[in-house]
Amino acid sequence: MNSAFPYRLYLVISEADCKGRDIVWVTEQAIKGGVQVVQLREKHKSFEAFAKVAVRLKNMLDNYNVPLIINDNIDVALACGARGLHVGNTDLPPSLVMQQWPKCTMLGYSIEYIEQLYKDEVSHATHLGISPVFSTPTKTNTVTEWGLEGIAKIKTLTNKPLVAIGRMNADNAYGVITAGADCIAVVSAICGAEDPANAAEAIRNQIEKAL
Ligand code: TZP
Ligand code: MG
């Protein structure tokens, strides 16, 4: 267990992922099922709309002491009082995030190709996304499909906590943790489920079994 990143199940969510249901409801159900950290990832909203949903989500998450991470928008993160930010390899680099927001305590950085691990930017992140472990219709503009071998390889190159993302579900969670991931991040297997609490619980159970 990494004391700086003690989370095992991570929900990545947008309003569009929730099949017409309220994002705060879906997220709260997911927490009841065992989700421990939440990232709001809104790719097509105005600043105002993004910030509004972030504030609603943050108010609910505070009741559970579950941290909120904002995808790739430092202004929204600051506006809603989020715990942290997540950036990819074409976003604001981690070193500049920390310059602009020195008090950011959770900074995720997506590893999309192996060369990133040989550069200094990774040192500024608090955890790394293995993106994607398996290719997924949820995000198609990806570079490397890491697979289980990729998780093991990345683990030899860094001590940062590793968050596996990309088609994660209850069937593959056990193998992904066994391969070396510290945490599993999920969009559709939870947000798209009829019962998000049950879906989260099934994944969390597989994670706990693998630990
Ligand atoms: N980054 C890499 S894969 C992905 C993101 C945001 C989407 C994962 O979605 P799903 O539905 O859990 O495969
Ligand atoms: Mg991005």
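Backbone N, Cα and C atoms are what each Cβ position is placed from, and that goes for glycine too.
Just so you know, TrEMBL annotations never went through curation; they're auto-generated.
According to TrEMBL, the feature domain 'Thiamine phosphate synthase/TenI' maps to 9-190.
Around Q39 (4-amino-2-methyl-5-(diphosphooxymethyl)pyrimidine binding site), the same-chain residues six or more apart in sequence whose CB sits under 8 Å from its CB are Y10, L11, V12, I13, L68, I69, I70, N71, H86, G108, A185, listed in sequence order. The annotation 4-amino-2-methyl-5-(diphosphooxymethyl)pyrimidine binding site is assigned in TrEMBL to Q39, L40, R41, E42, K43, N71, S110, K139.
In the structure as shown, the Cβ atom of D72 (Mg(2+) binding site) sits within 10 Å of 18 other Cβ atoms. The Mg(2+) binding site annotation in TrEMBL covers D72, D91.
Residues listed for 4-amino-2-methyl-5-(diphosphooxymethyl)pyrimidine, Q39, L40, R41, E42, K43, N71, S110, K139, cover a largest CA to CA span of 16 Å. The DSSP secondary structure for S110 (4-amino-2-methyl-5-(diphosphooxymethyl)pyrimidine binding site) is strand. Highlighted here are the binding-site residues (N71, D72, K139) whose C-beta falls below 6 Å from ligand 1: K139, in sequence order. Within the set of binding-site residues Q39, E42, K43, K139, no residue has a CB atom less than 6 Å from any atom of ligand 2.
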